[in-house]
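Q: Sequence annotations record features per position, and here Swiss-Prot assigns domain 'tr-type G' to 2-184. What Swiss-Prot lists as GTP binding site is Asp14, His15, Gly16, Lys17, Ser18, Thr19, Asn131, Lys132, Ile133, Asp134, and the listing cites sequence analysis.
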Amino acid sequence: MQNIRNFSIIAHIDHGKSTLSDRLIQTCGGLSDREMEAQVLDSMDLERERGITIKAQSVTLHYKAKDGETYQLNFIDTPGHVDFSYEVSRSLAACEGALLVVDAGQGVEAQTLANCYTAIEMDLEVVPVLNKIDLPAAEPERVAEEIEDIVGIDAIDAVHCSAKTGFGIENVLEDIVKKIPAPEGDPEAPLQALIIDSWFDNYLGVVSLVRVKNGSIKKGDKIKVMTTGQSYNVDRLGIFTPKQVDTTELKTGEVGWVVCAIKDILGAPVGDTLTHQHHSATEVLPGFKKVKPQVYAGLFPISSDDYEAFRDALGKLSLNDASLFYEPENSTALGFGFRCGFLGLLHMEIIQERLEREYDLDLITTAPTVVYEVLQTNGETIYVDSPSKLPPISNIDEIREPIAECNMLVPQEYLGNIITLCVEKRGIQTNMVYHGNQIALTYEIPMGEVVLDFFDRLKSTSRGYASLDYSFKRFQTADMVRVDIMINSERVDALALIVHKDNAAYRGRELVEKMKELIPRQQFDIAIQAAIGNHIIARSTVKQLRKNVLAKCYGGDVSRKKKLLQKQKEGKKRMKSLGNVEVPQEAFLAILHVGKD
């Protein structure tokens, strides 16, 4: 056990943690050169295409150190994107240390900071590594100072390495062995194993990734999931080298996978504790905090026959992604579907793409909203995650919107633009600290503004140099209203949105104009209106297509023409009372892009 080291790799997006993991695997001979490929741990096609890590992956390697001992290194590669910070906190719960990878050209960024503080809160040993040292723009000395200034950990002896060329990788491994403590735990105690992650395999059922804290787990053991109290037989267990390799036992301090023929998706929840059925532990291991979704959106299958398949797909996906929340919902415009909760917009996009790719579904998404706290006139407080659930105006005493605390790290030259952007998003500055050329800004910005397009706008105003980390702070009273879109005086529930009163007229007008472009012309006029309650704030009309009924009248009497026009008018009137308007799929997506251009 003294020779085991468990650690995670944490870093900002694109600072090279997946490439560093590749080098560690190669150096320790986890895979032969033939099997080696770039970003070997990003196993999902989506991860490779976008060049980001979405799921944390674990690997067990054996490293013969300079002191002659062979060490077992269990490491977990984590995502760097702010939407997947939950994956990071899960991975850190299973480790004793973390490698903080910082790009020697870019320096410290907001996500580096956020993940690093999470690690320090969990009492992990943080080992700084300066990566991309081979770049002409690399300034390791400046970045080392920055790490000390901003993060507050000693970085003078930080290893300089280049994951791409393989320079300095040996030193990184030596640092891991020397600086990260060995796991603590009692091999004789009853088994306690923390479930870090689970996923569904069509042949094996539920596969769980576990970290053994106390005791050991062998093939054929009878184990029990502590919160549900259900017992299972251990069929297979093993480690990842990144390939799945079977072993007969996982000892104290090790990280590996376990298959117990669990068919029920909820059988082994992430963050739960496994123990032996007969010789069981008395208390559950401290898991990790359950995250609350920040963004909600309705997902509906385009054809209603796919509803069952969609439900099963969500179940399997939520096993693999514990931060996904879903509940059934039905809409008059779109039929049956699910209301899903996500951690952010990137998370929402990724989930939608995974459902469409891995489970072959066609889905429509409604506009994302955040959760509002509504105080009703009868004194009751309710939480609203969808505009259609908002009670009538007469029953509402006040609406409170969620406020996010945004920490940004910004280069000096872009400060002006970013302050303008934050003010436009109704932000209030709470702090500003200069660290050399970087400025740490703290703003309180309504969550609804942050999740929509704040991140994209922040990146474009700062040419990609500013970085952001946000977290929910509190609910605060605000003047929010619900804008309904009416087509031929019928409300379309899927197009409603909750906005601040000051922006309502502008957002309503913009949406109405957008809908006008997207709804095809019919044989009669279509009125598109935006309304707050019964008060219309914007209107636009899609003009009718009409046949020229006078084409065959040459000269002749005017009363003949009047008769034909009158007849056409009556026909149109009858049509309008009977006709209904098909709203195309693009129109629902238009909401997502209102205010972006």
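Cβ atoms here come from the backbone N, Cα and C positions, even for glycine.
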Q: Is Asn131 (GTP binding site) helix, strand or coil when read with DSSP?
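A: Note: Asn131 (GTP binding site) is in a strand by DSSP.
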Q: Per DSSP, to which secondary structure element type does Ser18 (GTP binding site) belong, with helix, strand and coil as the options?
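A: The three-state answer is helix.
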Q: Please give the GTP site's span as the largest CA-CA distance among Asp14, His15, Gly16, Lys17, Ser18, Thr19, Asn131, Lys132, Ile133, Asp134, to the nearest whole angstrom.
A: 17
Q: Under 8 Å Cβ to Cβ from Asn131 (GTP binding site), same chain, six or more residues apart: give me those in sequence order, or none if nothing qualifies.
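A: Once residues fewer than 6 apart are set aside, Asn131 (GTP binding site) is near Ala11, His15, Gly16, Leu20, Val101, Val102, Asp103, Ala104, Cys161, Ser162, Ala163.
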